[in-house]
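One structure below.
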Amino acid sequence: MQTSPDMFINRELSWLRFNSRVLDQCSKNLPLLEKLKFIAIYCTNLDEFYMIRVAGLKQLFSAGVNASSSDEMTPLQQLKAIRKYLHQEKELLERYFNEITSELEKENLFIKHYENLDENLKQKCDEYFFSNIFPVIVPIAVDATHPFPHLNNLSFSLAVKICDKAHPELVKFGMIRIPRVLPRFYEVSANIYVPIESIVHQHAEEIFPGYKLLASAAFRVTRNADMVIEEEEADDFMMILEQGLKLRRKGAFVRLQIQKDADEQIVEFLNTHMKIFHKDVYEYSILLNLPSLWQIAGNKTFTHLLSPLYTPKTLPPFDENLSIFDAVEKEDILIIQPFESFDPVYKFIKEASKDPEVISIRMTLYRVEKNSNIVQALIDAASDGKQVTVMVELKARFDEENNLHWAKALENAGAHVIYGITGFKVHAKVSQVIRKQGDKLKFYMHLSTGNYNASSAKIYTDVSYFTSKAEFARDTTSFFHILSGFSKNRRLQTLSMSPNQIKEKVLEMIRIETSKKNEGVIVAKMNSLVDSDIIQALYEASMEGVQIDLIIRGICCLKPDEEYSKNIRVRSIIGKYLEHARVFYFKHSEPNYFISSADWMPRNLERRLELMTPIYDERSKAKLAQFLRLQLSDNVLAYKLKNNGEYEKIPSSEKIIDSQQTLEEYVSKIYKTLKKDTDQSRATHLASKLFKEN
């Protein structure tokens, strides 16, 4: 089949539409503080998009690259389309923010500027300024002897236009840098938040004594945050990375956000020094630095404005009184997070660190929280003399510094730390524990779609799989040998590994379904679909009558509802949990269910080390089948992709199905039913039966 550019949706525009679906949560019947969270998430996503994707397009344009995507849009065409899209959507963001804050005021929760406070609260703000703000802010003059300062990426500042009180004709420009150590808002009372910049503005003349404030404007800058590291030439990768992190702080400016109706001379002053293209200047009639809205959205005093808190549950066969190794030795176990608890994953490593029979622990780490109990357990194990091998991916974007910290701590404890494979990121999520029982070695594996991160495990949907099967032991051992040694054979037998092997396997399974024509069925859930070869194979399968359902949270470059894709349906689910699992079903393959750390994107399939895991266990397959069925039935959180690249909400039927809420209810029902059941085997069987029936 010959493809043409008009058969693909542009990657960047598809991502923007994903972020629009995040913002669209503000239009739904959600608690007010939940809506505020979605504004914070939307703005955080947009920050990263500008730091990486827009910055990259600017570099391609500067380098004279003409085409950089399957749809053959040039970098300049993409930049123009992005700017047009975001300038239009800015008005929607402003409207949602104003609507939400107005509704919050009816609930007696306020964001108030200094000038709108009563005298008592103004006095409290004044006291806070002199005790907490004044000592740490940085007043900056800009003139012939004071060059324009370095502004950190995503830094928040106040630009000022001032004049000498004795000589009003002498106008000067400067700025007040607001350090990140200060909270975004001052909580002047239990229900009133004051933006920090309005307090600073009020006291600007005390910051610049002898000068009169003529105008001020809050602004925020975004820099190119992508890093290019010459790994081939690096003798000490850790040192090279640390140098790269320092250089990243000096990346080119790619965006300026500034308050609307700012003094024209202030805007000109900033543009002159930052050299930002005028279309990359965004003027807002609302507050800036909205990722910091989490400070308000997390207010526990207003719990009625938040969704009910769900506590993940641990289900049989896991039991706090039973060794996790005994449970995994009996059967393969699959859990779906965050509906089921992440605790068994932590217990897997914690128990291994304390078990005297354990001789080896191997693990990959990609994104780890700052206070990681899992990494601490690895440190304890290494300190106790166990053989601990950890692949710490130092190139995990925006987690580099945290991963550097843990890599050093693990090395200091005696662990063997691997920093990666030259030219690739290691994105696979896998751990292996080896126990010596008598004269035999026993292997236990955990393979996952998500990170070893207890914090994200509470808000990301992911799938974890525990097994002690020999074929998985063989392949995970080979995988860790590839990571730690030299190997030209990067192929596994039961697991599939990228680069290359996962893509080959996926294409092979699509071809099998294609050969079955109208009997073929494919269901695939992932974060993003970009790879043009896989998209072409799906088009060919569709034309042969294969029924294809794709559940894709983010980017999708495939066009449904065309003659060549009339049997392909694409939906996206956006809810309070970030859909992060990758689950694939191919009706006529054996096995026919898979989980993976990899999306169907060139970067995952060709430039990363990833794993795809076949699921053989019948209970686990039944669980995945129910998971996919629920997501395909969702008519609350789901959006349908149209052939023009836009999305529409799926209309609700008489039966309302919110897949995330339904899974919370299912798991809670199982947990409640089994809580008092002391027969472990009966409890395990009942848990499987209930999950399947529901």
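Backbone N, Cα and C atoms are what each Cβ position is placed from, and that goes for glycine too.
Per Swiss-Prot, the features are as follows:
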type     : residues                      : note
BINDING  : Asn45, Tyr460, Arg553, His580 : ATP binding site
BINDING  : Arg367, Arg397                : Mg(2+) binding site
ACT_SITE : His427                        : active site, phosphohistidine intermediate
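Whole-number maximum of the Cα to Cα distances across the ATP-binding residues Asn45, Tyr460, Arg553, His580: 15 angstrom. Per Cα geometry, Arg367 is the residue among the binding-site residues Asn45, Arg367, Arg553 nearest to His427 (active site, phosphohistidine intermediate).
Across the structure, His580 (ATP binding site) and Arg367 (Mg(2+) binding site) are spaced 14 Å apart at their Cα atoms. According to its DSSP assignment, Tyr460 (ATP binding site) is in a strand.
Arg367 (Mg(2+) binding site) counts 19 other C-beta atoms within 10 Å of its own C-beta, drawing on all protein chains shown.
With respect to Cβ neighbours within 10 Å, the recorded positions His427, Arg553, His580 differ, and His580 shows the lowest count. Around Tyr460 (ATP binding site), the C-beta neighbours below 8 angstroms that are at least 6 residues distant in the chain are Gln337, Pro338, Gly450, Tyr577, Leu578, His580.
Between Arg367 (Mg(2+) binding site) and Asn45 (ATP binding site), the C-alpha separation comes to 17 Å.
Residues near Asn45 (ATP binding site) in space but far in sequence (CB under 8 A, at least 6 apart, same chain), listed by position: Asn19, Val22. The secondary structure of Arg367 (Mg(2+) binding site), as reduced to three states from DSSP, is coil rather than helix or strand.
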